[in-house]
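Following: one structure in structure tokens, then a few remarks.
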Amino acid sequence: MAGTVQETSATSPSGDSAVRNALENAPTTHARLLAWVSEVAELTQPDDLVWVDGSEAEWSRLTDEMVEAGTLVRLAEDKFPNSFAAFSDPEDVARVEEQTFICSTEERGSGPTNNWMDPEEMKATLRGLYRGSMHGRTMYVIPFVMGSLEATEPKYGVEITDSPYVVCSMRIMATIGAAVLEKMTATDAFFVEALHSVGFPLDNGQRDVPWPCNETKYIVQFPEDRAIWSYGSGYGGNALLGKKCYALRIASAIAHDEGWLAEHMLVLKMTDPGGRVHYVSGAFPSACGKTNFAMIQPTIDGWKAEMVGDDIAWMRFDESGTLRVVNPEAGLFGVAPGTGWSTNPNAMRAVAAGNTIFTNVALTDDGGVWWEGMTDEVPAHLTDWRGRDWTPASKNPAAHPNSRFCTPIKQVDILAPEYDDPDGVPLSAIIFGGRRKTTVPLVHESFDWEHGVFEGATLSSETTAAASGAVGVVRRDPMAMLPFIGYNAGDYLAHWVKLGKAHHGKMPRIFYVNWFRRDRDGGFAWPGFGENSRVLKWIIGRLDGEAGGEQTPIGVVPRPEDLDLTGLDISEQQLADALKVDVEEWRRELPGIHQWFNVLQDSLPPEMVRQYHRLEVRLEV
Ligand SMILES: Nc1nc2c(ncn2[C@@H]2O[C@H](COP(=O)(O)OP(=O)(O)OP(=O)(O)O)[C@@H](O)[C@H]2O)c(=O)[nH]1
Ligand SMILES: O=C([O-])CC(=O)C(=O)O
Ligand SMILES: [Mn+2]
């Protein structure tokens with residue numbers, strides 16, 4: 001390969017001829033792909049070009065090279081086989097929403113909640129940045145498919161990147177490589193163009209850094225072109241373009257055109273003691289508990305939970321009008337802190353099985369990893385995510401709050417066997433949830449579809465470390481999709497309303513949860529994690545007409561006697577704090593909702609205005 005990752009060498013074949021060779025010997029005849037790859041190579045001027053085949057040998061070669069270059073640390077084989085830790089630039093640790101754009105032709109198409117720039121203007125800016133941006137590096141071409149390669153119309157993408165870390169992470173998160181390219185070529189299929197550069201070209205002989213990136217960052221979606229251009233970041237949703245950029249932003253725009261939904265949701269299969277199966281999905285904002293809920297270990301007797309997906313759900317109607325849901329991803333990119341043997345043993349077993357890339361966690365002295373919340377006992381000494389010595393007396397957390405594990409979904413031992421069924425699984429309930437210290441009770445059921453859409457539309461949550469910016473600020477996050485809607489947010493809500501009307505009587509029931517409410521002493525009112533199975537039991541009981549509840553102005557809320565609390569250690573007071581609907585608190589919510597709806601202006605569907613007024617009436621304001 002021309003130019004090692006660490007240092008470009010003057011003796012390697014000139015970039016031009018290596019790239020020309022790789023183009024001439026391309027493993028595909030897909031004309032549009034070939035044209036696009038050579039156009040990008042021409043623009044970005046890489047030293048070499050690699051067609052990613054997705055093989056084990058390729059993974060070994062790339063991880064070896066990254067260990068050599070200092071990008072990855074190999075973990076102890078007896079603890080985390082075939083696993084690595086990466087440490088990002090301290091300025092490149094999360095999605096950058098300020099620098100994320102939806103560049104539709106018309107500004108209205110992007111809507112008031114997204115950043116917008118004229119697509120031609122944006123392309124000109126980005127071409128300027130991409131010009132020569134891969135110099136001294138290898139350009140990797142990653143054919144991938146989101147969802148099953150056996151689907152009627154597989155959803156193809158091709159990511160071009162100059163980051164081997166992205167190649168290896170994409171290999172975990174999606175189905176990539178030779179088989180995908182072969183089928184895509186044979187059917188001359190459409191694919192989403194996803195271009196990524198870390199924006200750190202190397203001069204001849206210049207030494208590389210472990211985590212190349214650029215201060216200037218752009219994460220840009222062109223919804224009409226179905227194209228993604230990402231520049232300057234190597235991290236997570238900014239760089240693994242199959243995930244948020246494709247499977248949510250671009251896919252939501254496709255779904256709007258085609259009458260389906262691409263959502264930021266986990267999908268969970270619950271089997272009750274009688275063997276009845278229900279599938280439920282949950283839309284919670286980033287770092288608000290999707291992965292944990294998707295991998296729940298029920299604490300109630302006889303109930304079994306299996307995971308279908310932990311972050312993204314594609315939902316389509318079948319011929320009978322049933323809403324069926326598919327997880328388009330093949331891996332988990334999960335929040336590390338707070339994931340522990342007591343809170344999420346299923347995730348811990350999945351990562352301990354190996355084949356995992358950790359990013360920005362801490363290292364133990366014996367070649368393992370650690371993060372806050374992994375074990376009750378805190379190690380006496382660690383190397384923190386910035387490479388500094390760390391002891392329990394240190395004032396900074398050892399792992400970055402948005403540190404992550406990237407692990408193959410197949411390693412989840414509670415994975416439902418039908419998780420990759422191209423036809424998906426039938427959905428019975430949709431659960432919205434946010435992170436709120438006050439106001440929002442543990443669980444309630446909405447009155448009907450339109451009211452449920454209103455609840456999703458006004459979902460509120462305190463911001464987390466999953467995106468750069470302030471943490472702990474309450475913001476409205478419609479359907480947990482605020483940073484991921486690939487078109488106008490008002491049109492998005494109208495799409496939800498419309499689907500409910502078109503499929504009246506067949507839609508899943510809508511619920512709303514809050515695991516994060518505080519009790520009068522300031523602690524979590526509800527123990528959460530596995531105990532959330534009690535809430536699931538109530539939800540499923542509502543579907544089956546077996547669980548009772550109390551009508552309140554915001555929906556139906558369980559009374560303590562409606563919940564299975566067998567064996568749960570919770571005081572009457574805490575339970576009351578968790579379930580309380582305080583009319584005064586809810587009246588104080590109204591101005592915030594009003595303000596949020598004002599942002600949407602004339603694109604706000606009239607049904608949402610009607611629901612707002614009905615809530616006012618029920619709150620007697
Ligand atoms: N108190 C409490 N904390 C929870 C619960 N579920 C999850 N958390 C914490 O919330 C944080 C984020 O949880 P995740 O499950 O990784 O969140 P996510 O929604 O999958 O996040 P993204 O991957 O960013 O989309 C972790 O620190 C968890 O420990 C719960 O039921 N109660
Ligand atoms: O996209 C990312 O970087 C991580 C993620 O899952 C989220 O933020 O929801
Ligand atoms: Mn997650």
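Even glycines carry a Cβ here, placed using N, Cα and C.
Per TrEMBL, the features are as follows:
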COMPBIAS  1-15  compositional bias 'Polar residues'
REGION    1-20  region 'Disordered'
DOMAIN    36-255  domain 'Phosphoenolpyruvate carboxykinase GTP-utilising N-terminal'
BINDING   Arg95, Tyr235, Gly236, Gly237, Ser286, Asn402, Ser403, Arg404  substrate binding site
BINDING   Lys244, His264, Asp311  Mn(2+) binding site
DOMAIN    260-616  domain 'Phosphoenolpyruvate carboxykinase C-terminal P-loop'
BINDING   Ala287, Cys288, Gly289, Lys290, Thr291, Asn292, Arg404, Arg435, Phe529, Gly530, Glu531, Asn532  GTP binding site
ACT_SITE  Cys288  active site
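Sequence features annotated in TrEMBL and their locations in the structure.
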{"residue": "Tyr235", "record": "substrate binding site", "DSSP class": "coil"}
{"residue": "Lys244", "record": "Mn(2+) binding site", "DSSP class": "helix"}
{"residue": "His264", "record": "Mn(2+) binding site", "DSSP class": "coil"}
{"residue": "Ser286", "record": "substrate binding site", "DSSP class": "coil"}
{"residue": "Asp311", "record": "Mn(2+) binding site", "DSSP class": "coil"}
{"residue": "Asn402", "record": "substrate binding site", "DSSP class": "coil"}
{"residue": "Glu531", "record": "GTP binding site", "DSSP class": "helix"}
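Same-chain neighbours of the Mn(2+) site beyond Lys244, His264, Asp311, judged by a C-beta within 8 angstroms of the site's C-beta center, are, in sequence order, Gly237, Lys243, Ala247, Leu248, Ser286, Ile312, Phe484. There are 23 other Cβ atoms within 10 Å of the Cβ belonging to Gly236 (substrate binding site).
For ligand 2, none of the binding-site residues lies close by, meaning a CB under 6 A from one of its atoms; the full candidate list was His264, Ala287, Gly289, Thr291, Ser403, Arg404.
The binding-site residues in question are Tyr235, Phe529, and the one with the fewest Cβ neighbours inside 10 Å is Phe529. Here the C-alpha separation of Phe529 (GTP binding site) and the residue listed as 'active site' works out to 12 Å.
A Cβ distance below 6 Å to any atom of ligand 3 is met by none of the recorded positions Gly237, Cys288, Asn402. The closest partner of Gly236 (substrate binding site) among the recorded positions, by CA position, is Lys244; the full candidate set was Lys244, Cys288, Thr291.
For the domain 'Phosphoenolpyruvate carboxykinase C-terminal P-loop' (260-616), the model's pLDDT averages out at 97. Long-range Cβ proximity for Cys288 (active site), meaning a same-chain Cβ under 8 A and a gap of 6 or more residues, is found for Gly433, Gly434, Arg435, Ser461, Thr464, Ala480, Phe516. His264 (Mn(2+) binding site) is surrounded by 25 other CB atoms, counting those within 10 A of its CB over all protein chains shown. The binding-site residues considered are Arg95, Lys244, Arg404; of these, Arg95 has the fewest other C-beta atoms within 10 angstroms of its C-beta.
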